[in-house]
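Presented below is the structure to which this report refers.
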Amino acid sequence: MPKVNGASLLRGLIGTAGLLAVLEAAGRLGAWDTERLPLVSTVLLRAGELLTDPEFLVSARSSLTTWALALLVTIAIAVPAGLLLGMVKPAEMAVRPLIEFLRPIPSVALIPLVILLYSETTHMRITVAVYAALWPVLINTIYGVRDVDPLAKETLRSFGFGPGSVAYRVVLPGAAPFIATGIRLAASVAIVLVVTSELIAGGIEGVGVYITIAQSGNRLDLMIGATILVGLFGILVNALLVAGENRLFRWHRARAGAAT
Amino acid sequence: MLELVDLSHTYGSYRAIDRVNLKVAQGEVVCIVGPSGCGKSTLLRSIAGLIKPTGGTVLLDGKPVAGSPENLAVVFQDYSRSLYPWMSALANVGLPLRRRGLDKKRRDAAAMAALEQVGLAGAAAKYPWEMSGGMQQRVSIARALAYQPKLLLMDEPFGSVDAQTREELEDLTLRVCAHHGMTILLITHDVDESVYVGDRVVVLSKAPGTVVGDLPVQLPGPRDQIHTRELEAFVRLRAEVGRLVRGMTPHRNTHGFGVETR
Amino acid sequence: MRRATSGVLRFWIVPVTLVLWELLTRVTESPYFPPPSRIATQFYDMWLSGPASQLLLTESALDTFGPSLGRLLAGWTIAGVLGIALGVALGRIRGLAEYTDPVLQFLRALPPPLLVPIFFVLFKIGTPTQLAVIVFGVIWPVLVNTTDGVRAVDKGFLETARVFQFSRYDILRRVILPSAMPKIFAGLRLSLSLALILMVVSELVGSNSGIGYSLLYAQQSYDYTGVWAHIVLLGVLGLLFNALFLVAEGRVLSWHANARRNV
């Protein structure tokens, strides 16, 4: 992606405004039936209104909670597992084939099964999201542990520190930038899987459920408006995590030449 | 056929070359030699149309050059960035001929003939990464030959190969280009090489580069790696060029070699 | 022989897991967790007990897999062609990327499954909806990688092309695209695995044919073993696609792997 500076930001704004204007004009000039597919301005207005619509906010809060819990569970499972597999080479060798077999299974395919297992919809959604979000964190953590300078580990060991201390003092901080990247990817994946499971499995609350209800009323304006908000939320989360990574791991960027 | 008039180029505030004047006649082999950072490459890239010089003009057959001239080929130093790794040697050599409006059969025949001339007929189907550095540079030379340019530019062409390969390639270039009657402008930092290969040696000063010496090389042909380099005339000329490159005052015309300083 | 042995040793965990899983499920007898042997039997009965002339695939397998794989491959192909074309334009036309960047970033951030109901209202049920979702969802890796790849073409390659006066078409077709191909393939591979996911999503939400629909049908008829068989099937398809793609990539990009090894 191009570097962000004043000029490129301005060009981006011009491009975005131009596209919106063209779409709006096309809609007003009758390029399509606006009864079916609403105008750009209508959709944007609706997206803004949704932010203060209590019914939508209840759903949004529910989705947010599910997403945050899913991300926490993912980190709680994948980071320790990744540290272990990264530090104990035979364990990783043994488990690698299982990972290779499990990873290609689309998480969404588990939804019909998981629905049957859980009576609580939130648990079911979290399970589906965790299954998909696990992999980027796990793989990045293993990779990050491998990347830790062996000299740093041996130095600590030579001073008589046990494996636990070595893991906590050298391996974890050394692998942290990779783990952070994994978590950022997982955060995006989890958003998609939370709303997808809401969409497929239904329930009472959640943005996916809200969109399903809007669909039954043929309210494309509300459906697109809600989708736009989910997209913007994804961009916001990603931007915050990137900014956090840049602040926390400046040392790493300097060393690795900023590879993402 | 090639004339540089007050050719200058600055990158920002850095002056790479400053008012370079040079005339090259048809069929001449001119070596440009100079210390590192004397703007040799800038000079070559200006002639090849890869950069637009900030001052002066390049005339080819009396016409000013804009963009890459048609009857010109370049052999770059870095063959690994000049030969396409996704193509065989034959395809690499034949590719520029697409522009000449030849059908595939005739392109392949011309490419094959050029590869034969550089002694690589057997390696036509090989890919660059299957060849040694010397072989890859031979392919580059074959590509230039097949293109049949009137002017061949060579930018440190033998700078990335070992000494023995270098001598082989020098002889190969001389032999093949004489055969085609090509005009050659060869850029090098190697004084020895410039005297051995050139009909004329042009010396550039440190940046901003200007012409500080223009010496005709009068050595008996055909040149030979062992005997030519033993000749007294060769040794003396080499010393002369060496002094100029290091920025010392030349011994003026002691043995009939014209030294023009500006 | 030694390679075979080490291969077996490397995968020892697979049979061990299967045996443990088998024992555990037989002991617990939970209806939701059938033993793997039963899943395998059902898998075989449903899909793999057909005649040799159909590669052992049953009628049911052909009826189920056909529409799914057709949509998946069609969607992936369309996304690939569009992604490469747009990526080349974004990478080579100066300024274009800057003007379009915010819009593209935004579109990329939209969860593709949420588009299923939207396209559903617009196009009604069926293949157009599913194709649109797959294309929209999987175009991004190809687009982004192509843009990066064509931007990163070595300057030396381009200068050679300029000196020898290649036509614009030749520069694109014989220099820029081959040089960007390793990146483009990386994008295509990621897209293929995403396409499988979106195929399932689109069939779970709005379809009356295909693997996703068949999975939903098994669930709604409380055929738990059938549900598991579908999950295994999708995992196998994922592995298979990836393996096939790697073989194709190895052929097309042999120069790349070799050139890197020799540097």
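For all residues, glycine too, the Cβ spot is worked out from N, Cα and C.
In TrEMBL, annotation is done automatically, which means it is predicted and not curated.
Per TrEMBL, the feature domain 'ABC transmembrane type-1' maps to A:60-241.
Per TrEMBL, transmembrane segment is recorded for A:67-88 (among others). Beyond the ends of the transmembrane segment (A:67-88), by six or more residues, the same chain brings 95, 122, 125-126, 129-130, 133-134, 137-146, 163, 167, 171-172, 175, 179, 182-183, 186-187, 190-191, 193-194 to within a C-beta distance below 8 angstroms of the stretch.
Outside the transmembrane segment (A:124-145) by six or more residues, the chain places 66-67, 69-71, 73-75, 77-79, 81-83, 85-87, 92, 99, 103, 107-108, 110-111, 114-115, 117-118, 171, 174-179, 181-183, 185-187, 189-190, 192-194, 196-198, 201, 203, 206 with a CB less than 8 A from a CB of the stretch. As annotated by TrEMBL, transmembrane segment applies to A:124-145 (among others).
If you look up TrEMBL, you'll see A:166-183 (among others) marked as transmembrane segment. Distant neighbours of the transmembrane segment (A:166-183): 71, 74-75, 78-79, 82-83, 86-87, 136-141, 143-145, 147-149, 152-153, 156-157, 241, 244-245, 248-249, 252-253, 256, 260; these residues of the same chain sit at least 6 beyond its ends, with a Cβ under 8 Å from one of its Cβ atoms.
Annotated transmembrane segment per TrEMBL: A:189-213 (among others), in sequence order. Away from its own ends, the transmembrane segment (A:189-213) comes close to residues 55-56, 58-63, 66-67, 70-71, 74, 107-108, 111, 115, 121, 124-125, 128-133, 136, 222-223, 226-227, 229-230, 233-234, 237 of its chain (Cβ-Cβ under 8 Å, at least six residues beyond either end).
Residues annotated as transmembrane segment in TrEMBL: A:220-243 (among others). With a cut-off of 8 Å between Cβ atoms, the residues of this chain six or more beyond the transmembrane segment (A:220-243) that come close are 36-38, 42-44, 46-47, 49-51, 56, 60, 180, 183-184, 187-188, 191, 195, 207, 210-211, 214.
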